[in-house]
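Asker: One structure, as structure tokens, below. Some questions next.
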Amino acid sequence: MSKEKFERTKPHVNVGTIGHVDHGKTTLTAAITTVLAKTYGGNARAFDQIDNAPEEKARGITINTSHVEYDTPSRHYAHVDCPGHADYVKNMITGAAQMDGAILVVAATDGPMPQTREHILLGRQVGVPYIIVFMNKCDMVDDEELLELVEMEVRDLLSTYDFPGDDTPVVRGSALKALEGEPEWEAKIIELAGYLDSYIPEPERAIDKPFLLPIEDVFSISGRGTVVTGRVERGIVKVGEEVEIVGLKDTVKSTCTGVEMFRKLLDEGRAGENVGVLLRGIKREDIERGQVLAKPGSIKPHTKFESEVYILSKDEGGRHTPFFKGYRPQFYFRTTDVTGTIELPEGVEMVMPGDNIQMIVNLIAPIAMDDGLRFAIREGGRTVGAGVVAKVIE
């Protein structure tokens, strides 16, 4: 068995399986790796290898996730699959496994079920941009009309949550039969892989996005000015470019007059690098940790937003008691805590440890944010929850 060399030339795309318990997500994951390995080369992963997923800690939260990889001729995929419903909720909210697209698995024998709906809603809230449907267990349904009905229901459900239900690719297959090597069902897995290639666009790389650096520290260097340090989250900053300082106070413009890394001077700082950026005409006291340095106009400060949050269970080191409306924790964005108040949905009086919930947050100071930004909820420095900005309000 020759070891394949890792092809860096292929675009890398992150996907995952979502859907109701026992509809066949893990079987499908195994079938994809098996059929694609057989067709295009690569490694197959057996069902039981995927099913006993290792525990991971993301921001102090315990999540069971399996990671598999597979290739089509044009792309390399990293695929996540979770054994339990709670794991999906935590995974999607924390962004532990970011998905460029998801495969929604719906058993044709059952049709859409409560978790089908919940995973679609979560996908909408946390910004999963594309969903492809795999109708599973179609070998067990003889009635063509029933298949039509299930497909219609799934498309309606997607449309309800603002996904393009009418245009979403739907593949009718059987993960188990494909795994057992039956050619007509293997062909359905190849069809699914074709949709992964064609329907999910190549994700924009961090380096191609507008420049943003969360400020971790501020120094003044006599005779040179003020330096901010941090890790460039996205984009590139070049010496001589205009930048904005956003968040906590009024937005201020400045010019980058130097970039340094490990005491060496550079022409630019790129996504992923820890750099110091020298700013023209800015006083040390004008700027603080928690603000961001960004390409002018690319990000705005906000105080009010709709969010999807997961509250840690007692076992995860979270609260031991529920909280109620009027709860005022700190919200930790990038590098700093900001106090905020919450509004719970209509009819929800309290939130228990281990729950996930939609809530509106009002911060006492503005933070540079876009939809999809992750945050932690803290009480006196201890993490009690994780969340994602679903929609900026003001």
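Using N, Cα and C of the backbone, Cβ positions are placed for all residues, glycine too.
From a predicted model like this one, the values you see are computed outputs, not experimental measurements.
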Asker: Given 3-10, 19-26, 283-290, which one carries Swiss-Prot's region 'G1' label?
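Answerer: It is 19-26 that Swiss-Prot describes as region 'G1'.
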Asker: Checking feature assignment: region 'G3' per Swiss-Prot, candidates 81-84, 213-216, 381-384. Which range matches?
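Answerer: Feature region 'G3' in Swiss-Prot: residues 81-84.
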Asker: So how many other Cβ atoms are close to Lys25 (GTP binding site), meaning within 10 Å of its Cβ?
Answerer: 26
Asker: Counting only residues 6+ away in sequence within the same chain, which have a CB under 8 Å from the CB of Asp22 (GTP binding site)?
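Answerer: Listed in sequence order: Ala107.
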Asker: Let's see if you can do this one: DSSP helix, strand and coil counts over the region 'G2' (60-64), in that order.
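Answerer: Residue counts for the region 'G2' (60-64) by secondary structure: 0 helix, 4 strand, 1 coil.
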Asker: Hey, which of the binding-site residues Thr26, Cys82, His85, Cys138 is the loneliest by Cβ count within 10 Å?
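Answerer: So among Thr26, Cys82, His85, Cys138, the binding-site residues given, the one with the fewest Cβ atoms within 10 Å is His85.
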